[in-house]
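S.K.: First the structure, which I've put down as structure tokens, then a few questions once you've had a look.
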Amino acid sequence: MENLNSYIKGHFADSILVKEQILKDENLITLIKNASLEVIKAYKNGNKTLLAGNGGSAADAQHIAGEFVSRFYFDRPGIASIALTTDTSILTAIGNDYGYENLFARQVQAQGVKGDVFIGISTSGNSKNILKALEFCKQKEIISIGLSGASGGAMNELCDYCIKVPSTCTPRIQEAHILIGHIICAIVEEELFGKGFSCKQ
């Protein structure tokens, strides 16, 4: 590459453009708000969040769960949140016995209860193991929030809230997903333990 500076700037510009599109979409902003309110309601009722994804989306699931359990902006009691992507014994047992497509559905069946919130992350919206988990959420009356790319894929029909990032580029979608996850964490933390804190630039 002859001009790496321009290449780097192009990536930043593309990422900023996706976020600007979200910022201008009032329906999408309202959807993020309403999804956050469902998480708050669940926690106020003594429930928990369950999160899942594959690859980079698995990392996002673990990242968001970590913010809930540990802390986000300030010290406060931990909030119950489980990333369904972390226990290698459970993952390999389910994968071996029931197939990869049941990796998360089996855990939702075992650990989820009515009133919990499941956050499924899939850039395509078509990850089979996420879709299977979403189907199980409907059976158990677990609220479902999906984070996807522009089309929403099959998640459109299965999620209570399908938050679709306006991009078809996987890295740009993932960058927006973690920002949305951070925003949800901030709203939940502030509502439950309100200290009025944020890190303004």
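Please read every residue number as a count from 1 along the shown chain.
Every residue gets a Cβ built from N, Cα and C, even glycine.
Since this is a predicted model, take the numbers as computed values, not measurements.
Grabbed the feature section from Swiss-Prot, which reads as follows:
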type    : residues                                                                         : note
BINDING : ASN54, GLY55, GLY56, GLU67, ASN96, ASP97, SER122, THR123, SER124, SER127, GLN174 : substrate binding site
BINDING : HIS63, GLU67, GLN174, HIS182                                                     : Zn(2+) binding site
DOMAIN  : 39-198                                                                           : domain 'SIS'
S.K.: Using the structure shown, find which entry in ASN54, SER122 (the binding-site residues) has the sparsest Cβ neighbourhood within 10 Å.
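M.R.: Checked ASN54, SER122; of these binding-site residues, fewest Cβ neighbours within 10 Å: ASN54.
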S.K.: State, in Å as a whole number, the widest CA to CA span among the substrate-binding residues ASN54, GLY55, GLY56, GLU67, ASN96, ASP97, SER122, THR123, SER124, SER127, GLN174 given in the record.
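M.R.: So the binding residues stretch over 32 Å, Cα to Cα.
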S.K.: Where does HIS182 (Zn(2+) binding site) sit by DSSP, helix, strand or coil?
M.R.: helix
S.K.: Would you find the one among the binding-site residues ASN96, SER124, GLN174 whose Cβ has the most company, meaning other Cβ atoms within 10 Å?
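M.R.: When each Cβ's neighbours within 10 Å are tallied, GLN174 tops the list.
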S.K.: When you measure from the Cβ of HIS63 (Zn(2+) binding site), which residues in the chain that are at least 6 apart have a Cβ under 8 Å away?
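M.R.: Listed in sequence order, they are ILE178, GLY181.
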S.K.: How many Å separate the Cα atoms of HIS182 (Zn(2+) binding site) and GLN174 (substrate binding site)?
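M.R.: About 12 Å separate the Cα atoms of these two residues.
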S.K.: Tell me, how many other CB atoms lie within 10 A of the CB of HIS182 (Zn(2+) binding site), whichever protein chain they belong to?
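M.R.: Neighbour count, Cβ to Cβ under the 10 Å cut-off: 15.
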S.K.: Give me the non-local Cβ neighbours of GLY56 (substrate binding site): same chain, 6+ apart in sequence, Cβ-Cβ under 8 Å, ordered along the sequence.
M.R.: THR123, THR170, GLN174
S.K.: Could you list the residues of the same chain, at least six apart in sequence, whose Cβ is under 8 A from the Cβ of GLU67 (Zn(2+) binding site)?
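M.R.: Set apart from GLU67 (Zn(2+) binding site) by at least 6 residues yet with Cβ under 8 Å, we have GLY181, HIS182, CYS185.
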